[in-house]
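S.K.: What TrEMBL shows for this protein is this:
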type	residues	note
ACT_SITE	ASP89	active site
ACT_SITE	ASP272	active site
DISULFID	CYS102-CYS107	disulfide bond
DISULFID	CYS263-CYS267	disulfide bond
DISULFID	CYS306-CYS340	disulfide bond
DOMAIN	71-378	domain 'Peptidase A1'
SIGNAL	1-15	signal peptide
Amino acid sequence: MKWLGLLGLVALSECIVIIPVTQVKTMPETLRGRSLLPNFSEEHPYSQSQNDTKDQNIAYHPLRNYKDYIYVGTIAIGTPPQEFTVLFDTGSSDLWVPSIVCHSLSCLTHNVFNPFKSTTFKLLENPVDLMYHSGRIKGVLGQDIIQIGNRLHFTQTFAMSEKQSRQVFLTAPFDGILGLGFPSLAIEGTTPLFDNLKNLGLIPHPLFAFYLSSRRENGSVVMFGGVDHSYHTGKLNWVPVSRTNYWQISMERISMNGKVIACKRGCQAIIDTGSTYLLGPSRRITRIHRLIRIRPLGSLQYTVPCNTTSTLPPLIFTIKGIDYPVPAQAYIYEGSEGLCYSTFRNGKVRKNEAETWVLGNVFLRLYFSVYDLEKYRI
């Protein structure tokens, strides 16, 4: 079933590039101690040949996913190209991959970039210290040819990690992160990858779009430079960006059974493909869990019997006057031992900041999303 449209109508271009996004095992599964995933790049090597059955003007990669919440794709760096699986992340602005000099345990379990094997590599030496919600990396900057699909080849500054946090990156099903956020979040003096594509004139329109498949192995894509309208139904509804740090918009309310349960006076929402969950202020999350009668299991997870999921009401996110329902089948996921888990999580909010939510892939699997860097809208 096609997704409902979220964001604005854009004419198709002859140079739209569609990149495969691969869905992989969720962090909850990893944290519950299941076995590590096989190396995606080894099983599905980067290929110049792509499936053009849909449109001869659009480049397609073969896709694979593991029916969960994190979506990754393959890129190549250097000459000759070295392959990496990266998380395409609208919640950050930098590109980084592990380097061969990294001896952190999390680097030993992933593909690493060897600059000595690339004839086009340039060392910039600037130190890098990137902090994510889930971990931290330290390293240096370099510059080399980046290859995305068979149409995008360009020089890009990127970070090479020399030290990485163990707790998340050790078992992460991606080698690095490709940030698609605004320059204000990027490493000082660098240009984010998508801004670079725009500045170099490699894309016809300064926008990109995500289609994230649900409960099936194939189909997820991120497209640069245009919109393939076959991935959605209905018209697209543009929402202006409210703050150009994140892809952030204003949201009017969150309701359930006709009653407003959060965001009563309006709030902010960050659209984040790098987040699995729906994140919000802890008091609001506690209230939602109480209303849907979900009980805590430890400090982070909340559970509900799976046979009750069909009786739970949808949550309605209202954005620019349009209601976007999120059904229980989306905000509850099935775990082990007959238990189902909530995808609502407590988000970190600074004091005196407006109520802010993060709409991650739980939301984005339901709604096709387009990001317009020229008109600052989603």
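Heads up, the Cβ atoms here are built off N, Cα and C, so glycines get one too.
Each of these features: where is it, how hidden is it, and who are its neighbours?
M.R.: Summarising the environment of ASP89 (active site), the number of other Cβ atoms within 10 Å of its Cβ, over all protein chains shown, is 22.
Annotation note: ASP272 (active site) sits in a coil segment as assigned by DSSP. The number of other CB atoms found within 10 A of the CB of ASP272 (active site), across every protein chain shown, is 24.
Under 8 Å, Cβ to Cβ, and six or more positions away along its own chain, CYS102 (disulfide bond) finds VAL112, GLY139, MET160, SER161, GLU162, LYS163, GLN164.
In the three-state DSSP scheme, CYS263 (disulfide bond) is classed as coil. The local packing around CYS263 (disulfide bond), expressed as other Cβ atoms within 10 Å of its Cβ over all shown chains, amounts to 24.
The Cβ neighbour count for CYS306 (disulfide bond), using a 10 Å radius and every protein chain shown, is 16.
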S.K.: Far apart in sequence but close in space: which same-chain residues, 6 or more away, have a Cβ under 8 Å from CYS107 (disulfide bond)?
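M.R.: Residues satisfying the criterion: PRO98, SER99, SER161, GLN164.
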S.K.: Can you tell me the three-state DSSP label for CYS102 (disulfide bond)?
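M.R.: DSSP assigns CYS102 (disulfide bond) to coil.
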S.K.: With DSSP assignments reduced to helix, strand and coil, which class does CYS306 (disulfide bond) get?
M.R.: helix
S.K.: Do you see any of the recorded positions ASP89, CYS263, CYS306, CYS340 whose C-alpha is within 10 Å of ASP272 (active site), and which ones?
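M.R.: Hits: ASP89.
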S.K.: Return the count of C-beta atoms lying within 10 angstroms of the C-beta of CYS267 (disulfide bond), excluding that atom itself.
M.R.: 19
